[in-house]
């Protein structure tokens with residue numbers, strides 16, 4: 001298993017390190033490192049600290065902060081930036097942009113699992129300017145061009 005460097009910025013997190021919920025989980029659960037409950041009203045976005053910093057280091061990898069499906073489906077709590085991209089050379093605190101897109105206020109409790117962190121391989125590319133593309137079967141068709149079934 002690949003290792004990931006983590007720095008504990010808030011001592012309360014020492015016993016609350018991100019973990020996988022099940023053996024098959026892809027994401028490590030991130031918690032809200034807050035002193036007291038926060039009420040997030042509909043339409044509001046709040047930046048929530050995790051009390052942790054990571055250093056991926058290897059430029060062949062990046063980390064992604066993703067929403068937890070249950071919070072989004074049941075309560076309308078998603079990420080304000082939809083996906084948080086953590087570059088391999090970033091070393092600051094992980095923050096979760098938390099948006100209540102639902103219709104009811106949501107009470108976020110201290111140390112509540114809020115988002116998940118997924119580490120994935122990344123391929124950097126070199127851009128090659130061309131005048132025309134080699135023709136493909138799809139061409140420039142997009143936004144529903146392949147149908148629904």
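Heads up, the Cβ atoms here are built off N, Cα and C, so glycines get one too.
Lifted from Swiss-Prot, the feature list:
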BINDING   68, 69, 70, 81, 85, 86, 87, 95  substrate binding site
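Highest Cβ count within 10 Å among the binding-site residues 85, 86, 95: 86. A simple way to gauge crowding: the CB of residue 70 (substrate binding site) has 10 other CB atoms within 10 angstroms, across all the protein chains here. In three-state terms derived from DSSP, residue 86 (substrate binding site) belongs to an extended strand segment. Secondary structure at residue 95 (substrate binding site), as computed by DSSP, is strand. In this structure, residue 81 (substrate binding site) belongs to neither helix nor strand by DSSP; it is coil. With a 10 A radius on its CB, residue 81 (substrate binding site) counts 12 other CB atoms from all the protein chains.
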